[in-house]
Number of protein chains: 2
Amino acid sequence: MKLNIIKIGGNVIDNPRSCKQFLEDFAALEGSKILIHGGGKVATKIAVKLDVETKMVDGRRITDLPMLEVVTMVYGGLVNKQIVAQLQALGCNALGLTGADGGVILAKKRAVKDIDYGYVGDVEKVNAPLIDNFLKNELTPIFAPLTFDKEGNMLNTNADTQASSVAVAMAEQYEVNLIYCFEKKGVLSNPDDDDSVIPQLTPSIYADYKASGVINAGMIPKLDNAFAALQRGVAKVTICHADELKQAVAEGTRGTQIIL
Amino acid sequence: MKLNIIKIGGNVIDNPRSCKQFLEDFAALEGSKILIHGGGKVATKIAVKLDVETKMVDGRRITDLPMLEVVTMVYGGLVNKQIVAQLQALGCNALGLTGADGGVILAKKRAVKDIDYGYVGDVEKVNAPLIDNFLKNELTPIFAPLTFDKEGNMLNTNADTQASSVAVAMAEQYEVNLIYCFEKKGVLSNPDDDDSVIPQLTPSIYADYKASGVINAGMIPKLDNAFAALQRGVAKVTICHADELKQAVAEGTRGTQIIL
């Protein structure tokens, strides 16, 4: 059985026209599918208005309790439900979820070492049978980048990692096609040239690009997640432009293909 | 098969201690159960901070687009997910839902007659088989007071009405016990005396109290919903204090019993 798991980045969500086009293409995909969405800049804008300070330590965002409330509202409420309502209008029976709902993605609050990231969760366990049950009932799970810790807390979670974790869990039962969609055409060999897409990326090519500094810091966690997913049973991983979702699924030739 | 459907009012949610106690009691209820929560004052507070004006016409709140975004965030995100995370910690496998999720509660945007209420939904159809499927999978649906219209919009919906609609839909298959929990001990015969609980309310007693002005305006929609639910197959309707949920379910003798 095939399963398409699509992650859509925050920059696409922030752009109403791109987001609408993406959701139309997603709704039109046949067969079982799952969407994991990022947060976008709405949370930051709303945090500013609510006088919730965005705290950064060593360039990393910290999720303190007020910021956790903002992301829970914005990712789990506003962004998730707007996507669900739009997909419902497009005939896709979307079911909005955070990891807490049905206990579907359990996480652990990140341990404090050098930095206290606050209410940030690292995924521990994905309840694949429950997701499978939703899929068998023709529901399309739409995940916000939030998990929980069984101690009463919601946790802010990286959407790329969440997508990879869900893909790995579902790979035991499905032939999983994991597609990271964002605002670029793929992984670029020249960050200044949007057309310099690397068509295929193996671990050794990746190591070379990293060593030469061509692949930028923002792309590294996404690629690490992509390779990890393949190593743990996911059939195929693609990184492509949100506009090319349809072709990436149908032809499998768009963007950057991640290969072991 | 028995099913307890509990509606919890916004004033209880606004009080952390009352809310915690209520959720402990709710989590401890045996058998199939559903929670429908109100909004509380958090939405109004956040609207003020976000410079979203609360518009009233003839004493009724209007949900314009900015206010819809606030209630979608606050009811569907913050309040719903905080309740879900707390219930998960209490061993209750809560599944947070709006009407849009799985298309479970379809509504119609209220037609403009004298007043344009904006993005307010009147429930049209509850997908009882889907809720039944969730219950059979030992999930406990937790509904935010939000629905959708299949045209891409979320809609703000009265939680009392939503509870009544869900109860009626489930009554075809279950023996439904609908309990409205709030911050009073029941329907009062003297609004100044919190102990003046009317133990049983029939349509004729209700008519008398309404005529004499004893039952206040805020209680009338709740009672109209309660009688409508009984008329449409719900087995039992109670209005009681949130602190008395346990006894209301176990003994059925707390608060005000609504009787045809």
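Even glycines carry a Cβ here, placed using N, Cα and C.
Per TrEMBL, substrate is bound by A:G39, A:G40, A:N156; the candidate from A:R60, A:R61 named for the same site is A:R61. Per-residue pLDDT, averaged over the domain 'Aspartate/glutamate/uridylate kinase' (A:3-240), rounds to 94. Between the recorded positions A:K7, A:R61, A:K7 has the most other Cβ atoms inside 10 Å of its own Cβ, all protein chains included.
Across the residues annotated as binding substrate (A:G39, A:G40, A:R61, A:N156), the widest Cα-Cα separation comes to 14 Å.
A distance of 17 Å separates the Cα atom of A:R61 (substrate binding site) from that of A:K222 (site 'Transition state stabilizer').
Distance noted between the C-alpha atoms of A:N156 (substrate binding site) and A:K222 (site 'Transition state stabilizer') is 17 Å. For A:G39 (substrate binding site), the same-chain residues that are 6 or more apart in sequence and have a Cβ closer than 8 Å to its Cβ are A:G10, A:I13, A:V71, A:V74, A:Y75, A:V79, A:P145, A:A159.
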